[in-house]
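One structure below.
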Amino acid sequence: MSGPGARRPGTPGSGGSPRGAAAAARDAEVAAAVAAAHREHWGSVLAATAGLTRDLDLAEDCVQEAFVQALSAWREDGVPGSPGGWLATTARRRALDALRRGETLRRKLPLLVWDETAPSAETEGDAEAQRDAPAEGDAARPARIADEERAVVRDEQLRLIFLAAHPALAPEARVALTLRLVGGLTTAQIAAAFLVGETAMAARLTRAKKRIVLSRIPCRVPGAGEIDARLVDVLDVVSVLLATGERAGGEDVLDAAVRILEVLAALRPRHPEVQGLLAQALLLKARAATRHDARGRPVALALQDRGAWDRGLVQRADALVIEALAGGGRGPYLLQGAIAAAVAVPARHEDVDWEEVVALYDALLGHWPTAIVRLGRIVALGEARGAAAALAQLETLGAELDEHRPFHVIRAELLGRIGAHEQAAEALRTALERRGPEGESALLRELVRGV
Amino acid sequence: MARYTVFLYKPSDAPEVDPETLAAQLAEHDAYAREMLEEGVMIFGSPLEDHDATTSIRADSLVDGPFVEVNEVIVGFYVLEVPDLDAAVAIARRNPILHQGGGVEIRPMPGEDGPGTAEDAPA
């Protein structure tokens, strides 16, 4: 299990001893390579190992140990040509050792249902992984992980993605499990992202994994008849990840979301909802550097430095949205992606077509007639037709969103724009009484003083 | 393979249905049970007599009536043997009670690969 001790490897922490500068540089290089491999390969290495152990906890332990071993082995021997292959082979050998020693017999739960009937093109081209892996005798059948593009590797990752988002699991467990199993985040990181205590999060993960084996929730890629419905379950989980990443500023969470969407996009190319959510994720990533200032305070969209946005990502997102809309997609995740693209693509804030954004929100309300979507529409309306028009509609949401800080922040902004400064200050003070990130609170306090 | 018990529930205050409707509903359940037998997924199943026919036993007494008063009562059950939860859900989803005002609950039963055993771990 991924207890508090399961630190993410690769974070520098060994700088104290008096060693040569070259050795220190080398350590830093290896640490960076391990950290990069962790981001890139955790999910697929874990998936391959779980397929062998049929035990998620044992697989997690073996993968964790493989990453720890990588830190010292790569320092000695250099970073292997295929880090993913090296890690998978190492984790696999540890798993085989554990199985041989019968460690799983002491575990109290039944085995993970790993559906073998699923299509899987067996190994080929493992030569590189085999060569790179530390060779010590028998059992280490080469792991089939060298190439993330390969069908088998993708299939294994997909199994974990669909498992973690299974509808028989509680929604909050799906999100946490996805970050742990697919994203490789530690329990502590996940707890921090959801503003939950680490013990509570560990218990939630343990309960979810127990539920999987006791109920025999299968670890497999859904078949043709069910995949569309199950895909939406995964998208719902990823959507929560994006919102969480945005709120908590969690780059790890955002990266995990992007990687899952890339795998789904490879499984179902041109699926408009996947494309829409991927576009949304890429745009969040493109803007990540400008969304907070150096002191961690949020920067309003109109004031963000568009020149600092990653234009490559913006263009890719825009192309995804255009292709999906042209393909006839009109689902909620595509509409959200289209809204994000309409806001992000123009080179200047003044060039955004806010009437188009309002129209997209109207379409989105057809799927999700929620107060939060209406709040988004009102913000766009304020840009398109002025603050007074927006305020008139905003008041209708007051009862429902009174506990929601952004509602009061938006209200203050709109009131300020029509010159109602007293009321605006009051709305800001109300906003400060609601829960929110500390950087935002700091900004709100400054605004209260300054209005 | 894994075993599940599927419990069929109805609201305890469900109104009485007329005899023809009842016969039609029961025929649906018969047809569904036959399907499951033909598919080889059902080990055993049965409707239960009325909730009022329950006898409860406590340490010191025998009671005419249910052990606990509940809003939903069990009206029948099936024991399924299928590969996994997805298969059990796919079968239970077709249960006619779902459009007869009731619901089902799927509970896993400890199996041969249950606690403490891992013989079929691939080595």
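Any Cβ shown, glycine's included, is placed from N, Cα and C.
Listed features, source TrEMBL:
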COMPBIAS  A:1-11  compositional bias 'Low complexity'
REGION    A:1-26  region 'Disordered'
DOMAIN    A:45-101  domain 'RNA polymerase sigma-70 region 2'
REGION    A:117-146  region 'Disordered'
COMPBIAS  A:128-146  compositional bias 'Basic and acidic residues'
DOMAIN    A:160-212  domain 'RNA polymerase sigma factor 70 region 4 type 2'
DOMAIN    A:244-324  domain 'DUF6596'
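For the domain 'DUF6596' (A:244-324), the DSSP-based tally of helix, strand and coil residues reads 61 helix, 2 strand, 18 coil. On the 0 to 100 pLDDT scale, the model's mean across the domain 'RNA polymerase sigma-70 region 2' (A:45-101) is 93. Counted with DSSP, the domain 'RNA polymerase sigma factor 70 region 4 type 2' (A:160-212) comes out as 39 helix, 0 strand, 14 coil.
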